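Please read the structure below before turning to the comments.
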Amino acid sequence: MQQLYLFIVVTQLANEWQGVETILIPQPSKDDLNDPLLWPRWQKEAAFYVIFVNAIVFAILPGPIIAPATFALAPILGVTLTQVAELSGYQLLLVAALGPLVSVLAQKYGKRPQFLFASAAGTLGTIVCIIGSQQNNYHTLLAGRMVQGLGVTAWESLSLAAVGDMFYLHERGWRTALIVCSLACMASMVSIISGVMFQNHGYQNLFVAELPFDIVGLLATVFLLPETQFLRAATRPTDTAQSQTSAKEAEKSWDHQAETVNSPSPAQQVPRKSYVQTIAPWAHTTYTTKSIPHLLSEIFIHLINPAVFWILMVSAVLVAFFVVSAYILSQIWSVPPYNLNVAQNGYFWAGAFVGGILAVSVGPICDWSARTLARMNNGVYEAEFRIPVNILGALFCGLGWFLFMWVVDHPRPDGYFLGAFCHGDSFPRQSTEVFVLQMMLKNFLFYAFSTFINTWAAEAGGGEVFKVFGIVSLVLIALCIPMYVFGKINRKLMYHLYSRSTILKSLG
């Protein structure tokens with residue numbers, strides 16, 4: 001326990017030296033050095049970078065790797081454009097269906113088994129894709145893409161939660177931003193690189209090049225990513241008022257905490273696990289007494305909340321529009337008057353990559369606007385103060401989709417340059433359950449669009465598709481107005497509903 005005591009004392013001294021009082025949130029375990037919050041720094045950083053890199057390799061890379069080649073792959077495989085789009089569509093259908101299940105399995109049995117299975121499935125799926133691509137066999141390739149989908153869900157849905165398991169609240173900021181930024185932007189970068197590789201080396205080598213990254217990611221998961229789930233004793237929440245305590249009170253608090261940590265009897269002390277124990281596939285423990293059906297119901301019960309329904313409609317549908325446009329862009333730009341090859345179709349996504357980078361600034365803008373509105377409200381903060389930033393969403397969504405429509409309806413050989421730099425994307429902050437619902441809905445939409453969007457674009461024209469996307473986007477963003485006006489009433493209503501209903505109280 002001396003190590004734990006020294007850890008707390010060093011943290012205290014560091015904060016005093018910097019003139020800053022830091023209250024650790026969440027509070028680390030007082031008698032168990034196996035708490036991920038108390039892991040050695042090298043172990044925490046190694047685990048974080050495994051999560052970050054694998055989120056790219058297994059969750060981001062598989063989907064858009066063939067996006068620039070949708071039009072070119074159809075004659076090679078001897079199938080229609082819709083069937084090529086379904087190579088991604090069926091993969092994302094599987095991701096959507098598994099999302100809630102993976103989430104509750106992680107809550108029940110831990111995140112490491114889910115990460116291990118996802119890494120193994122992603123690697124196996126790539127091997128099957130290599131076999132199918134070498135034979136130009138559509139059905140084998142489709143099977144490989146679906147197996148890859150088994151590897152997407154855990155890395156997409158659990159990565160941010162795993163970071164929260166290992167780091168204190170004040171340590172998560174840039175790490176969370178890095179993962180969110182990669183999820184928002186790296187898909188576009190993958191399309192750029194894969195387009196060039198397809199043009200120069202053929203689509204078969206896309207999967208050959210992907211395999212080493214999968215193998216390294218799998219090995220890193222096995223040896224460098226222990227279980228981050230931990231049963232920590234519940235502590236009384238610390239509010240912002242407590243963080244303003246005087247230096248004398250803070251010193252007393254630290255002294256009391258040091259006394260408490262230093263006092264447990266040897267019988268209460270839990271020894272640190274050996275390295276071999278930490279890399280076991282499963283820790284042979286459960287992290288909640290709730291059943292799987294109960295945990296699943298906790299996710300879907302939130303659909304009765306109008307605010308949840310609103311955020312799902314706005315975020316999932318707008319993100320779906322952005323992603324499914326990849327199904328038809330090569331169909332539009334590969335024919336006269338543009339005549340882009342696969343590499344040039346990949347370069348087109350440079351605009352989306354730049355837009356994704358710029359969209360990261362929405363977070364600080366949202367914080368600034370919320371603080372400004374709180375000051376105007378006599379210092380009282382309301383959750384709805386984060387909604388007005390969606391004015392930027394309306395501006396850029398409308399501008400992007402309607403410029404796309406104009407470019408496609410008024411074709412010229414260099415017209416794609418205008419559309420290429422009009423795409424931007426941002427993601428709202430959500431609770432774990434709402435995040436899972438959002439991920440499930442958007443992936444279901446990805447699949448649904450893959451079954452008809454190419455035919456729709458061929459019959460009605462790409463301009464009509466983009467016009468509909470633009471109109472629907474503006475209508476959905478306009479729903480922010482009633483939510484801003486009635487959001488506080490909705491919160492009070494849901495609070496009373498949850499507090500009075502025994503069923504909702506047990507699930508919520």
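Note that Cβ sites are derived from N, Cα and C of the backbone, with glycine treated the same way.
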Q: With TrEMBL as the source, identify the stretch among 146-169, 434-457 annotated transmembrane segment.
A: 146-169
**Q.** Surrounding residues of the transmembrane segment (204-226) on its own chain - C-beta under 8 Å, 6+ positions past either end
**A.** 36, 43, 46-47, 50-51, 53-54, 57-58, 61-62, 65-66, 112, 115-116, 119-120, 122-123, 126-127, 129-130, 133-134, 144, 194, 197-198, 278-279
Q: Report the listed stretch (46-67, 146-169, 348-366, 387-408) having the maximum count of Cβ pairs within less than 8 Å of the transmembrane segment (87-106).
A: 146-169
Q: Using a Cβ-Cβ cut-off of under 8 Å, list the residues of the same chain that are 6+ residues beyond the ends of the transmembrane segment (46-67) and lie near it.
A: 39, 73, 84, 87-88, 91-92, 115, 118-119, 122, 125-126, 145, 148-149, 151-152, 155-156, 159, 162-163, 166-167, 175, 178-179, 182-183, 186-188, 190-191, 194, 198, 203, 206-207, 210, 213-214, 217, 220-221, 224-226, 228, 326-327, 329-330, 349
**Q.** Interface present between the transmembrane segment (176-198) and the transmembrane segment (348-366) (three or more C-beta pairs under 8 A)
**A.** yes
Q) For the transmembrane segment (387-408), which recorded stretch in the set 146-169, 176-198, 307-328, 465-486 gives the largest number of Cβ pairs separated by under 8 Å? A) 465-486
